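K.L.:
Below is a structure I'd like to ask you about.
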Amino acid sequence: MQKYDQSQLGYVFAILAAVMFGSVSVIAKPLVSSVDPILLASLVYIISAITLSPFAQKKKKSLTKKDLLLVFSIAICGAVIAPSLYFVGLTHASASDAALIANGEVFFSVLLAVMFFRERLKLVGGIAVLLVLAGMVIITTNLDFTTFTLQQIHYKDMLLIFSMLFWALDNNLSRYLAQKMDVANIVQIKSAIGGIMLFVIALLVFRVDINIEVEQIIPILLLGTVGFAASLYFFLQGLKRIGTVRTITIFSMSSIFGLVAASIFLSEQIGFHQIVAAGIMIFGVYLVSRKESVISPV
């Protein structure tokens with residue numbers, strides 16, 4: 001009975017994680033029009049680090065110089081470069097498109113694992129990766145292949161895609177570090193390093209004015225605590241209870257929640273091409289999350 005309750009709780013956690021992460025583009029879209037994207041990214045990650053502090057293990061781990069270099073690399077990829085590209089890209093893209101492009105993180109995670117981390121794709125995995133790639137192509141072309149040219153792709157849309165690439169690299173590096181460190185500790189340290197670095201870059205390099213209005217404080221707090229910290233925490237809790245396959249499959253629904261939320265709260269119209277892309281990408285994510293899609297290294 002207790003095992004059944006834990007399983008039920010795992011599904012609840014996975015759904016909560018998907019809903020919360022789906023809110024990221026919807027909460028962030030109105031903010032990036034008035035708050036500098038780099039400053040916003042720094043504040044979000046500092047808030048995320050503070051939020052995760054109670055859940056991080058206090059026991060000290062003996063880490064080698066190589067491990068510390070890995071921690072720093074993870075922070076640079078996942079908490080400096082990726083969020084910077086994402087929030088700058090969001091200044092042009094719609095919240096609904098950004099929510100769908102977020103599925104690209106799965107595509108790049110698998111691709112990098114195959115190319116550099118000795119994992120091999122089976123036929124099902126190969127088809128899944130191509131489906132997610134097809135969804136990203138649909139989003140950037142609006143299904144208009146007759147008059148489409150590469151010049152029509154806005155560079156900020158590409159920034160969103162590249163942000164998924166760096167988050168995917170973060171995922172693969174974190175997986176190896178997780179063998180020595182608690183995941184919550186990795187995320188907390190990564191968020192703290194990234195948030196502080198971005199804050200310094202925003203102030204000293206780009207000389208950004210801290211022009212946060214009172215009415216923007218709550219959305220920024222929500223973005224850091226709910227969109228990033230809480231969604232990740234519930235995602236990890238889901239992994240513990242129902243496993244990677246089921247958790248990732250449910251979590252991929254975050255793009256649908258983001259699409260619907262953008263329509264309801266931002267009055268963005270959902271186009272036919274977005275519906276097609278959502279269906280293709282979610283099916284691709286489902287396939288790639290199946291155990292038989294990837295052969296892990298021994």
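Keep in mind that glycine also has a Cβ here, set from the backbone N, Cα and C atoms.
TrEMBL: automatically predicted annotations, no manual curation.
Checked TrEMBL, it gives:
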DOMAIN    9-140  domain 'EamA'
DOMAIN    157-289  domain 'EamA'
TRANSMEM  12-32  transmembrane segment
TRANSMEM  38-56  transmembrane segment
TRANSMEM  68-86  transmembrane segment
TRANSMEM  98-116  transmembrane segment
TRANSMEM  123-141  transmembrane segment
TRANSMEM  153-170  transmembrane segment
TRANSMEM  191-210  transmembrane segment
TRANSMEM  216-236  transmembrane segment
TRANSMEM  248-266  transmembrane segment
TRANSMEM  272-289  transmembrane segment
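Provide an account of the burial state, proximal residues and distances for the features listed.
P.N.:
With a cut-off of 8 Å between Cβ atoms, the residues of this chain six or more beyond the transmembrane segment (38-56) that come close are 28, 31-32, 79, 83-84, 86-88, 182, 184-185, 187-189, 191-192, 194-199, 201-202, 206, 208, 210, 212, 220-221, 223-225, 227-230, 232-233.
Within the chain carrying the transmembrane segment (68-86), a Cβ under 8 angstroms from the stretch's Cβ atoms is held by residues 37-38, 41, 44-45, 98, 159-160, 162-164, 166-167, 169-171, 173-174, 176-177, 181, 186, 189-191, 193-195, 197-198, 201, all 6 or more beyond its ends.
Sequence-remote contacts of a segment are chain residues at least 6 beyond its ends whose Cβ falls under 8 Å from one of its Cβ atoms, and for the transmembrane segment (153-170) they are 74, 77-79, 81-86, 88-93, 97-98, 101-102, 104-109, 111-112, 136, 139-141, 190.
Here the transmembrane segment (191-210) has long-range neighbours at 36, 38-39, 41-49, 52, 71-72, 75-76, 78-80, 83-84, 228-229, meaning same-chain residues at least 6 beyond its ends whose C-beta is under 8 angstroms from one of its own.
Listed as Cβ neighbours of the transmembrane segment (248-266) (distance under 8 Å, sequence separation of 6 or more from its ends, same chain) are residues 11, 14-15, 17-19, 21-26, 29-30, 94-96, 98-100, 102-103, 106, 231, 235, 238, 274, 278, 281-282, 285-286, 289.
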K.L.:
If you count every Cβ pair below 8 Å, which range out of 98-116, 123-141, 216-236, 272-289 shares the most with the transmembrane segment (12-32)?
P.N.:
216-236
K.L.:
Same-chain Cβ contacts of the transmembrane segment (98-116) under 8 Å, 6 or more residues past its ends?
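P.N.:
Residues packing against the transmembrane segment (98-116) from afar: 21-22, 24-26, 29, 86, 89-90, 125, 128-129, 132-133, 135-136, 139, 157, 160-161, 164-165, 167-169, 171-172, 248, 252, 254-255, 257-259, 261-262, 274, 277-278, 281-282, 284-285, 288-289, 294.
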K.L.:
With DSSP, how much of the domain 'EamA' (9-140) is helix, how much strand and how much coil, in residues?
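P.N.:
DSSP composition of the domain 'EamA' (9-140): 106 helix, 2 strand, 24 coil.
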K.L.:
Taking only the residues in the domain 'EamA' (9-140), give me the average pLDDT of this model.
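P.N.:
Across the domain 'EamA' (9-140), the average pLDDT comes out at 88.
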K.L.:
Using DSSP, how many residues in the domain 'EamA' (157-289) fall into helix, strand and coil?
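P.N.:
DSSP classes over the domain 'EamA' (157-289) add up to 111 helix, 0 strand, 22 coil.
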